[in-house]
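Database features, via TrEMBL:
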DOMAIN    21-60  domain 'RING-type'
DOMAIN    164-205  domain 'B box-type'
COILED    227-298  coiled coil
REGION    373-497  region 'Disordered'
COMPBIAS  374-384  compositional bias 'Basic and acidic residues'
COMPBIAS  393-404  compositional bias 'Basic and acidic residues'
COMPBIAS  405-415  compositional bias 'Polar residues'
COMPBIAS  436-448  compositional bias 'Basic and acidic residues'
COMPBIAS  449-463  compositional bias 'Polar residues'
COMPBIAS  464-477  compositional bias 'Basic residues'
Amino acid sequence: MVSQASSPSLLEALSSDFLACKICLEQLRAPKTLPCLHTYCQDCLAQLAEGGHLRCPECRETVPVPPAGVAAFKTNFFVNGLLDLVRARAGGDLRAGKPACALCPLMGGTSAGGPATARCLDCADDLCQACADGHRCTRQTHTHRVVDLVGYRAGWYDEEARERQAAQCPQHPGEALRFLCQPCSQLLCRECRLDPHLDHPCMPLAEAVRARRPGLEELLAGVDKNLAELEAARMVEKEALAQLREQAARVGTQVEEAAEGVLRALLAQKKEVLVQLRAHVEAAEEAARERLGELESREQVARAAAAFARRVLSLGREAEILSLEGAIAQRLRQLQDCPWMPGPVPCLLPQLELYPGLLDKNCHLLWLSFEKQQPQKDSGKDGAGRQGGEETENQREDEAKTERQSGAQPQSKGGAQTPKEDRAQMPQEDGAQTPKVERAQTPKEDRAQTPQEDVEAQTQRGSRSNKKRKFKGRFKSVSREPSPAPGPNLEGSGLLPRPIFSCSFPTRMPGDKRSPRITGLCPFGPREILVADEQNRALKRFSLNGDYKGTVPVPEGCSPCSVAALQGAVAFSAGARLYLISPDGEVQWRRALSLSQASHAVAAMPSGDRVAVSVSGHVEVYNMEGSLATRFIPGGKANRGLRALVFLTTSPQGNFVGSDWQQNSVVVCDGLGQVIGEYGGPGLHGCQPGSVSVDKKGYIFLTLREVNKVVILDPKGSLLGDFLTAYHGLEKPRVTTIVDGRYLVVSLSNGTIHIFRVRSPDS
C-alpha cells in the first residue's frame, strides 16, 4: 500500500527539480531544511546568513541561525535518500565506460573490479555476474534482492530500492539509523545509542513512526483544510476582481450615458433659449417697423402742409394769403392737435440667467459612491436577507430623497466624503426646473411640456436611477491621465462612438501547455474570430459569445504571429515567413520575408483576395496565387524614409492604417502609399502606438498598452478622444480587431478577450 501511494510522488521527485537547490540551481549538496520546510545546500545557506539571521529565498521568512551555524539546521534525510538513489542510478566507479564490481577488489581480484551486471538493493553494491551468483549462496545474503543492473539504471526497481534504503548516521559512517531517542527527538545508530543516549528511552524507527504518524496526519489534514479555505478565498477574490471589472465597465458606460444625457439636455435648452430669443427679437422688430411706418406717414403729411403754408406766406399776394388763411389755419391747428408722438412703448431687453451652481468650480454633476460588498448568505437565511436588503434599499432611497430636498449631495458609505464637501447646492431632482430666461410673454405661457423638456425629465430620472446603483469594490491604481479634448471635426452633435460591454472569456484551452500569448486577431466567418496564440502555436476559433470552435491547423513548428482571413483561406506570419493556408490547414504557399524585423503584421484587403504584409518599413501586397501584386513605402523614400509598420490594417475605403514605431505615430495612407494623415501628438501619452482597427465608418481604434487605453481617431488620423480605459476592465491590452463592422474585440496580455459593441453617435 505504501509503495502504490508513493510511486507517483517518487517518480515526480526523481524527475523534477525537487532535488535542485533554488539558490545555486545545482543538485543539492549536504541538504539542510529550514523551519519553513524549504531545503537548500549547506554552503548556500552559509552565504545567506548575516547577523545571526537569514531570509528564506522562497517564502521570505526570516529564520534565526543556530549558535553552531547553518550546519546545525536539520539534515534532510529524505532528500539525502533520494539523492543516493539518483547517484546510484547514474553509476559509481567506471572502467572503460562501464560500472565496476564492488566486491572483486575485496576478494583479491583486479584492483578496479570486473564489469558489473547486477546490483544488490540491500547492500547498494554493483556486482559482476560471478559475485552476484555467489551473493545469493551465502547464509547472510541469500535473502538480499539482486536485480539486473540495466533495469535498475532504467528505474524499474526504484520502489524496491527505496524501501530497502537505510539512512546513514552522519557521525558513524557505515552505520544505519535505527532508533529514535524520545527525550532528544534525535535519530540514532547503534553506536550513538551506546554512548551519550544509553540511559534515554529509545524506540525503533518503525515503532516511532507508527506512534507519531497519526499526529502528523492530523496536522496535515488541518493544513489541507486551510488550503481548501485558501483556494476558496482565492476564488472569491478572483470573482470579486471580475465583478469589480464588470461593474467598472458598467459604471463607465453609465457615466458616458449620463454625460451624454446631460449634454443632450443642455443642447436642447440651448436650442429652446435661442428659439425664444429669436422669436422675441422678431416680434419686437415687427412692432417697431409698424410704428416707424406710422411715424413716417405722419411726418410726411406734416411736412407737406408746412411746406404749402410756407410757400403761401412767402410768395403769395395779400389777397391770396387772406383767401387761404382759413383753410391753412384750420389744417395747421388740426396737425398741432393731432398726437404726433405715440406713447412710450416699453422695450423688453433679454437677459440670460444661469443656475448659480453651474458657475461654481466645485459643482459636480457626477460622482461615485462606494459600498462594501455584502457577504453571501446561506439558503436558510435568504428570506431574511432579502427583506433586510429591501429595507436597507428603502432606507437609502429615503436618505437620498431627504438629501435632495435639503440640497446636499449624498456621501459615500462608511462616512467617506464626496470629492468636494463644500461645493455649491445642487438642483433639486424632484420637480427641478430649468433656469428661466426673462423674455416677452408668449401667447401660451402655460403651454404643454416641450420635447426638450421631456429629454430633460428623462435625463433627471436616469440620473436618479444611476445614483441608486452603488459601485462595489475599490479601483486598482492605474493610469488616469486624460487624453486631449476631442477636436472640432466631430460629426453631428459632437458625440463620440461609445462602447457597450458584451462579454469576456479566456482563451486558454485544456490542451494548452503554456499561458496564451495572443499576437493576432481577425474576423473569421459570421460572428466568429480567429485568435493567433503564439505561445501555444495555434490558431483558435471562438464565437463572439466565447464558445470554442476548434482550431485551424498550422504547419508543424510554426508559431503564428499576425493573422488575416481571406476568401476561403487564412494568411499568417510566423518568424520570417508569410503563409497562406486553407481552413483545414493545407499550405497553399509560403513566402520568405526580411530577417531584420522581429514580427510582420498582415492584413486582408477589403476585396478579400489579397493580403498585405509589413516588411522592413515597406508594405508588400500578395494575391491569392502568392505573386507580389504591389510594393510601396508609406510617404515615399524622399521625404519620409523607411518606416517600421508594426501593426497594419485596412479601412473600408481601401486605405492602409499602421502604427509606426520608428516615428512613434499612426499613419494613414492610400493604396499607392501617399500619406493622407498622421498623428503623433500628446494623445499617445508618450507611448508606442499598438494595434489598430477600423470600423465600418472609418473610425480608427488605437491601442495604448502602457496606459491601459484604446483611443479613437477619425478616418484622416486626427485624435477624437478615449474609447476604452481601465474603467472598462482593460489591463495591458494587446491586440484588437473589428467584427461585423460594429464589435470591437480586445485581447489582454493574460489571454483574456473582451468584446464591446461600438455604438455610433447617431444610433
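Glycine is no exception: its Cβ is also placed from the backbone N, Cα and C atoms.
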Reduced to three DSSP states, the domain 'B box-type' (164-205) has 7 helix, 11 strand, 24 coil
Near the domain 'B box-type' (164-205) in space but 6 or more residues beyond its ends, with Cβ under 8 Å, are 75, 77, 80-81, 84-85, 121-122, 124, 145, 211
Looking only at the coiled coil (227-298), mean pLDDT returns 87
